[in-house]
Structure formats: structure tokens, C-alpha cells
Amino acid sequence: MKRSLAPGIRLITSFSRDGWYRGFILFLTFLFYTAYHLSRKPISIVKSQLHRNCSTVVKPADLNITDNDTWCDWAPFDQNNYQSLFGYLDNSFLVAYAIGMFISGIFGERLPLRYYLSFGMLMSGLFTCLFGLGFYLNIHSLGYYAFIQVMNGLMQTTGWPAVVACVGNWFGKGKRGFIMGVWNSHTSVGNILGSLIAGVYVSSAWGMSFIVPGLIIASTGILCFFFLVEKPEDVSCTPPQHHSGETEPLLQNSSHIDRTVNGAITTESVEVIEEHTEAISFCGALCIPGVVEFSLCLLFAKLVSYTFLYWLPLYISNVAHFKAKEAGDMSTLFDVGGIVGGIMAGLVSDYTGGRATTCCVMLLGAAPMLFLYNYIGQRSLGTTIGMLLLCGGLVNGPYALITTAVSADLGTHESLRGNSRALSTVTAIIDGTGSIGAALGPLLAGIISPTGWNNVFYMLISADVLACLVRNITLFNDITIQQGIQRGYKKRFLTI
């Protein structure tokens, strides 16, 4: 009697060698960018500790107090313009990130991704730790913290173009929206972990809220150096197809396709498009249909998302009167909703074939939800939880879809004729433009918030509407494509 294999072994052998490599790369890149976002989050948690309501804090008996209102604050954030100072810190990071992103994509196409990512994570870990050391070295200079933020912003630009390029090298276009929707949850997972880790130390020693995430991202940089495989060809795996007509599964590849013709199974070879070795220019990437439109749309979408990223814990603390740790923990619900929203956006866009349509519908739903959250979101704990989850899904869904599946679609567009070295540059252009919005959002929030939180939400709602208006250009392309197919026209449209 033939012995049956153990269930675990059957599972292992059900995947091909290519499939295991693809799953491994997906896991590694997920881990890497989780660490990137994990190290960005502490500043938003620590803000409410750097400037507190000192009347609610117990005064140490041996402390010589000169100012009863600000004795517990951390200078220079003990001033009345502390919100503007927080805005300067946010923008020191985000402006450097936006500028560096355009340059990063160019380097990402020309340097080995393994070295590039490893260097970026190690240096980002260094500067994150240096920010936390300000607590132990008793540094009260705004210039010091702003400089650290600028350098960290530049180092963080190494992450996104490189990980998207790596995943794009390994996965074809089939079900790309779903697989990247799941994979893109690293952004929200990183935010959640960053909030929870920073929250552990924020009330006792806020410096550790930066040092621990800094050590984590540095450790993943070492992991990247030893294990990342940039392309399937490097380990003799089959490269994916990137254009229409692709039928390969996501975790299994072969160099042929079996088809049934008149009851007989025939094997057809897959045509492999010759890969160009020359990296695409910046202007050449801009000329790819859809790049400019989606870049502008992401600008407004990221403005909303990053305003929540940097200001939501402080908003919850001020409006709902939560303590710093509780506000940080509550803010993670926005990211939990973002995970679900990103996955749903990918699934729907795969099913309908319209990335732009999916984004437009979610943006239309986000605007009224932001309005409702501001007015009724703090009435009860249940309402707060529900509104945060809903707003997180509708805000981060379009943002996740554009930065992953749309970027990969455009970076492997058929007009490139097999040039796979455009992916990092296209990703950098789209995310770099979006990062301009990411810089503007927290800056505007810092300027507007002293006039009232209502005005901040009006600004966010306006940005959502503008994102939807810009998206209508690509939405029109979606509709035109479907009409062309129905009429039997053979035109070369960008199908997104």
C-alpha cells in the first residue's frame, strides 16, 4: 500500500520552485516597507507628549517651577505656536521626501536594488535613533530635530520605488490589483506597529519611541542585504508577462501554456519580449499615458492620508481628551480600515478592469464621511471606532491602489515594448508628486488648526473633491476603452 504524504508536505510540493521564490520575495518586501512606515510613525505619537496640558500633570515635589503652564513641556515645543513648530518638523521630513523621491527613482533603475534598499534602511534607522537620542542628551534645538527629519526624509525615499520595482519584476499583471492590495497593507501594518511601539514608551521616556523603531528598520536592512533577490532571472526562475493576454497564475509559472483544441491538449510557447537594458529617462516616463494624471490625483489623495497620519493622534487627544497613549492606540483604527480599503480597491479594480473608476467612487464616498466624522465621530466610543474604520478604508483605498497596482501597470505599459527598467522611475514620479501633497497636508494642518479643527476637515474634504476631479480624466479613458471594445474597435488605449 502506497503511503500518503503528510498534509504539510503536500502543501509544500503543490507550489513550484518559482512559486516559493515569489512568495518569499513578497514576504520580504512586505517586511521591508512595514519597517519604513513603522519608523515614520513615532513623531505623530510623541507630539502630544512634547506639549501637554500641564494642569493635569502631577508636579514633582523637588521641581523648581518657573512657569506653571508649560513646566511639563519639552522646549522648544512649550511655546504657544507649538502646532506651527510641529508642522515645520513634519515638513522638514516630507519636503525632503518629495524632492528626494524624484531622484531616488533614477538611482533605483541604475543601482542594484539589494544594495540600495540595505543602505537606505540602515541610514534611516540611524537618523530615527538620533531623533530619540535628543531626549537622553537633553537637546532642545529645533534646528537639530529639523535636520534629522530632513536627512531621514531623504533616506526614506530609497524604499518605495525599490520595493515596487522588485515586486513588479516578479509578478505579472494578472490579479495585480488584489495581490498588491494585500501586499500594500504593509503601510497600515507599519503605522499600527509604529503607534503601538511608540505608545509603550511615550509617557515614560519618549526617546525610546524612536530608538526601538530605528533599530528595527536597521535590522531589516541587514536582512535585505543577505536575502533579497531582485529579478527572477537571477535564480533561474521564469520572468512574468506584463501585458494583455497574460494567463499565468501568481504563484506558479511555466514557459508554456496548455490549451484544449477540439478535445486535444496542445502546448503553445509564450512569446518572450526582448528586454531593453537602457533605463528610461525622466521625460520618457512622463510621456507614458496616465502617469501625469494619476500623479496629480495622488497629490491630493496623499494630502488627506498624511494629514491623518501625522495629526490624527493629536486631534483625538485634543477633541476627545484622550491621553497620549490612548490617542495613539485609537488612531490605529484608521490604518486597520486602510488595510481593508486597499484590499477591496484591488479586488474591485481587478474584477471591473477600471482602476480609475474604483478610485473615483471611493473618493466620492470619502468626502461626506470626513464631514460626518468631524461632527459626530466623538459622540461615543462606538461611533469613533466605526467612523475611523470607514474613513480609513475610503481614504487609503485609492491611495493604496495608485501607489501599487496603477504604478506597476504604468511602469510595464505595452508602449514601453518590454523595457522593464521603467518601473522604478514611473513609481518615483507618481509617489514623488504624491509626496508634495503629503508635505502640504500636515503643513496646512499646522497653519489652519489654531483657527479650529473644523477648518482642517474642510481642507481635507476639498482635497478629496479635487482628487476626484483630476481622476475624471482617467475615468473618461476607462469608459472610452469599454465602448471601444464593445464596438469592436482595435485601438491602443491605456487600460487601467
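Residue 1 is the first one shown; counting continues down the chain.
A Cβ is built for glycine as well, from the same backbone N, Cα and C atoms used for every other residue.
Nobody curates TrEMBL annotations by hand; they come from automatic prediction.
Under the heading domain 'Major facilitator superfamily (MFS) profile', TrEMBL lists 28-479.
With a threshold of 8 Å between CB atoms, the same-chain residues lying at least 6 positions outside the transmembrane segment (20-38) that come near it are 117, 121, 124, 156, 159-160, 163, 166-167, 170-171, 179, 183, 186-187, 189-191, 193-194, 197, 213, 216-217, 219-220, 223-224, 227-229, 232, 235, 237, 250-251, 253. The feature transmembrane segment is assigned by TrEMBL to 20-38 (among others).
The transmembrane segment annotation in TrEMBL covers 85-108 (among others). Listed as Cβ neighbours of the transmembrane segment (85-108) (distance under 8 Å, sequence separation of 6 or more from its ends, same chain) are residues 40, 43, 47, 50-51, 76-77, 79, 116, 142, 145-147, 149-154, 156-158, 160-162, 165, 279, 282, 306, 310, 314, 424-429, 431-432, 435-436, 438-439, 442-443, 445-447.
Within its own chain, the transmembrane segment (115-137) is flanked in space by residues 32, 35-36, 39, 42-43, 107-108, 144-145, 148-149, 151-152, 155-159, 162-163, 205-211, 213-222, 224-225, 228, which lie at least six positions past its ends and keep a Cβ under 8 Å from the stretch. Residues annotated as transmembrane segment in TrEMBL: 115-137 (among others).
Among the features that TrEMBL reports, transmembrane segment is placed at 143-171 (among others). Below 8 angstroms of C-beta separation, residues 21-22, 25-26, 29, 32-33, 36, 39-40, 43, 88-90, 92-97, 100-101, 103-105, 108-109, 113, 116-117, 119-121, 123-124, 127-128, 130-131, 134, 179-180, 183, 228, 230-232, 239-240, 242, 250, 403-404, 407-408, 411-412, 420, 423-425, 427-428, 431 of the same chain, each at least six residues beyond the ends of the transmembrane segment (143-171), sit close to that stretch.
The transmembrane segment annotation in TrEMBL covers 183-202 (among others).
Among the features that TrEMBL reports, transmembrane segment is placed at 208-229 (among others).
Remote same-chain partners of the transmembrane segment (291-312), defined as residues 6 or more beyond its termini with a Cβ less than 8 Å from a stretch Cβ, comprise 40-41, 43-44, 90, 94, 191, 285, 331, 334, 359, 363, 366, 370, 391-392, 395-396, 398-399, 402-403, 406-407, 410, 426, 429-442, 444-445, 449, 456, 460, 463-464, 466-467, 470-471, 473-474, 496. Under the heading transmembrane segment, TrEMBL lists 291-312 (among others).
Within its own chain, the transmembrane segment (356-376) has Cβ neighbours under 8 Å at 297, 301, 304, 341, 345, 348-349, 383, 387-388, 390-391, 394-395, 397-398, 401-402, 453-454, 457, 460-461, 464-465, 467-468, 471-472, 474-475, 477-478, 496, counting only residues six or more beyond its boundaries. Among the features that TrEMBL reports, transmembrane segment is placed at 356-376 (among others).
Taken from TrEMBL, the feature transmembrane segment covers 382-402 (among others). Counting only same-chain residues 6+ beyond the ends of the transmembrane segment (382-402), those with a CB under 8 A from a CB of the stretch are 177, 181, 184, 187-188, 294, 297-298, 301-302, 304-305, 308, 320, 330-331, 333-338, 340-342, 344-346, 349, 355, 358-359, 362-363, 365-366, 369-370, 372-373, 376, 430, 434, 464, 467, 471.
Annotation source TrEMBL lists transmembrane segment at 422-444 (among others).
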Let me spell it out: take the transmembrane segment (422-444), skip the flanking residues so only those 6+ beyond its ends count, and list any with a Cβ under 8 Å from a Cβ in it. 87, 90-91, 94-95, 97-99, 101-106, 108-109, 157, 160-162, 164-165, 168-169, 279-280, 282, 284-286, 288, 291, 294-296, 298-307, 310-311, 399, 402-403, 406-408, 410-412, 416, 456, 459-460, 463
